[in-house]
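K.L.:
Dumping the structure here so I can ask a few things about it.
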Amino acid sequence: MVPLLEVHDLEVRYGKALAIEQVSLTVEAGEIVGVLGPNGAGKTTLLKAISRAVPARGGLTFKGEDVSALPVHEVVGRGICHCPEGRRLFPELTVRKNLELGAYLRRDRAEIAADMERVHTLFPVLRERGSQQASTLSGGEQQMVAIGRALMGRPALLLLDEPSVGIAHKLKMMIFGAIEQIRRDGTAVLVVEQDAVSTLGIVDRVYVLEHGRVVREGTAGALKDDDYIRQIYLGV
Amino acid sequence: MLQILVYGAVISAIYAMLSVGFTLIFGVARILNLAHGSFYALGAYAAYFLTSVAGLPLLPSAVLAVLFVAGFGVAMERFLVRPLRKSQLAVLMITLAVSLAVEQALLITFGSEYRNVPSFVADKVTVVGVDISGQRLLALVVSVLVLLGLWLFIQRTRLGAAILAISQDPEAARYMGIPTDRIFSTVMAISAGTAALAGVLVAPFLTVQPSMGLLPMVKAFAIVIVGGLGSIPGSIVASLMLGYSETIVAYLISSSWTELVSLVAIVVTLIIRPAGLFGRRAAF
């Protein structure tokens, strides 16, 4: 069985600086995989390399097909949707228009409407906020729009870049709950996070990235008992 | 008084059509296109060539002229601007080079003498008691319709939504699956096409000569600085302000003073409100 996503020996350079090197990972269909690591470890770069927003060397296979030379919009078309760091909403457009743009490549109107309904069920507050400008929402609500917008592309794999950063605890719990629901709906998730405790609570497997390299990998259960992880990331 | 109202509206509408295209390609693709005035001149010359040299009827000439210039703009963006996009300065230089090349090419091909393009509408018309040439009225009506159409296109269509998305966050737009390069070509076609249409519409009542693109370029520049670089509503409001100010100056003082208006407008805006009326941030 081929994994949904297979990243092999990925390397990204910004000018002469090495951002990530020798990074290999896999995501199976229906899995939630976490990437933990401190600031500057290369987590965001890794996600950008997977969605082809930055040039990278190495292997990138999705559903068994080589996607390492595709432009970003074709990667999206294949079923990888990227919810970027800092949410990156279209600030002057309404919440509804932001969500609709997530379905830009799709023509199946009925299915798009069904997905809009699904996003509204996942984040009910977005239904009320539909006609508001995105920039007027709170940070947590904006994060919901960003995740919802990525889901509107009906991805097989959702890339989430620090969804919980800068968000109040209650909303954070809600967003982690939503990630579990997204998986139950059949979408695999690759989530980059700094909050190790919450992340280990929902993921199946974790990769730990430091200085651009994978330093630990394993199931959530195994890493919770790893001394290094306990000391550095869980603080116990 | 009424004369100012009517004539000011015509000038404002032409300015609006010129500056909306100029601000649109900047807002979407961050191209500060100094060749925008060349599109206007090329439009007028294409209309002249097709009607007076090739002997085609007016309407097909106008359509062909606009399509030709739109194609020219797309080719310029694709082959000259796109390879240099990483540097704003290089983009500025290459578009300046294109504008000089176009002017020289027109000079070599058609000579420096003034050319005439026949009026689409020969009759004079009376509007609110003011006599106005049918051609000027046509220019006003067509400009307003084109701007309305453009607004509907941007607000209501999928492509329009993509244009708005790119202008607000180009990176996020790519994550939506929007093929940004293809959208740049579309916007360039719209931008060059509307500038050409402005040139076609004014050709019968303004002088058609090789450097005719320079002054409109300065005006478009002034308008987007006043209105806010990248803002379409801003450039429309600023077009009305500049168009009417110029008309008023021409009536009250002398038409030789009108060119000063746009320069004063630039200076005042940059001192008081560098981002322009509707700008999100200072453009420079």
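The backbone N, Cα and C atoms fix where each Cβ goes, glycine too.
What TrEMBL shows for this protein is this:
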- B:6-32: transmembrane segment (TRANSMEM)
- B:89-110: transmembrane segment (TRANSMEM)
- B:137-154: transmembrane segment (TRANSMEM)
- B:183-208: transmembrane segment (TRANSMEM)
- B:220-242: transmembrane segment (TRANSMEM)
- B:249-272: transmembrane segment (TRANSMEM)
K.L.:
Is the transmembrane segment (B:89-110) packed against any residues at least 6 beyond its ends, judged by a Cβ distance under 8 Å, and which are they?
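P.N.:
30-38, 41-42, 45, 48-49, 76, 80-81, 210-211, 213-214, 217.
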K.L.:
Cβ under 8 Å, sequence separation of at least 6 from the ends of the transmembrane segment (B:137-154): give me the contacting residues as numbers and ranges.
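P.N.:
Answer is 9-10, 13-14, 16-17, 20, 120-121, 125, 127, 160, 163-164, 190, 194, 197-198, 201-202, 232, 236.
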K.L.:
State the residues, same chain only, that lie 6 or more residues beyond the ends of the transmembrane segment (B:183-208) and have a CB under 8 A from a CB inside it; answer 'none' if no residue qualifies.
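P.N.:
Residues 14, 17-18, 20-22, 24-25, 28-29, 31, 33, 36-37, 39-48, 62, 65-74, 76-78, 82, 114-120, 133, 135-136, 138-139, 142-143, 146, 150, 159, 162-163, 166, 216.
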K.L.:
Taking residues 6+ outside the transmembrane segment (B:6-32), which of them lie with a CB under 8 Å of any CB in it?
P.N.:
39-40, 77, 81, 85, 88, 91-92, 95, 127-128, 130, 132, 136-137, 139-140, 143-144, 146-147, 150, 163, 166-167, 183-184, 187-188, 190-195, 197-198, 201-202, 216, 219-221, 223-224, 227, 229-232, 234-236, 238-240, 242-244, 246-248
